[in-house]
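If you look up Swiss-Prot, you'll see Cys27, Glu107, Gln141 marked as Fe cation binding site. Annotation comment: Swiss-Prot describes 10-159 as domain 'Ferritin-like diiron', evidence class sequence analysis.
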Amino acid sequence: MAEAPSRMQQNYDWQCEDAINTHIQLCLYASYEYMSMAVYFDRDDVAQENFKRFFLTKSHNCQTSAEMFMHLQNKRGGCSSLQGIARPERDSWHGGFQAMECAFHMEMLINQSLLNMHEVAKEKGDPHLCHFLEQNCLDQQVDILKEMSGYLTNLRQMGAVEHNLAEYLFDKLSLS
């Protein structure tokens, strides 16, 4: 038996609903990947507590973001369509610089997803979704990118790509 359309759904195009579902999936994948990073830095042979804490917080933030979009989906009368989450491409990170670089690229993907969703909302005449993204996501995501870009610059300038001591100091002094 087919589901009846929601009575709540008004001015909510299926492409907006689809863009939100795509973003939810990306957030859940990012949360999973950040959890993998946190677990790596918690290993006894790596033991970088602040990197672990940083990536664990990122994992929780992505999970919270996915939940926020699921709530929005329900509020608008849409349907969250959850898919299987692919496992992270790697379980071992060759240090903080590589993990931070990967995290930065993940945040760039999240930013692009938000921008794509905003564009779809504008094209489909959905001021509610545009406002939601502008108030809750877009500026915050730019701040995240700025912070992580600064971390990468600091790690690079300290020579963390070649020297473990620089990475250790970054963990102790910058991420604490």
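Even glycines carry a Cβ here, placed using N, Cα and C.
A simple way to gauge crowding: the CB of Gln141 (Fe cation binding site) has 20 other CB atoms within 10 angstroms, across all the protein chains here. Other residues of the chain with a Cβ within 8 Å of the Cβ centroid of Cys27, Glu107, Gln141, the Fe cation site, are Leu26, Ala30, Cys62, Ser65, Met106, Leu109, Ile110, Asn111, Ser113, Leu114, Ile144. Counting every protein chain shown, the Cβ of Glu107 (Fe cation binding site) has 20 other Cβ atoms within 10 Å.
Mean pLDDT, taken over the domain 'Ferritin-like diiron' (10-159), works out to 95 on the 0 to 100 scale. Reduced to three states, the DSSP call for Glu107 (Fe cation binding site) is helix.
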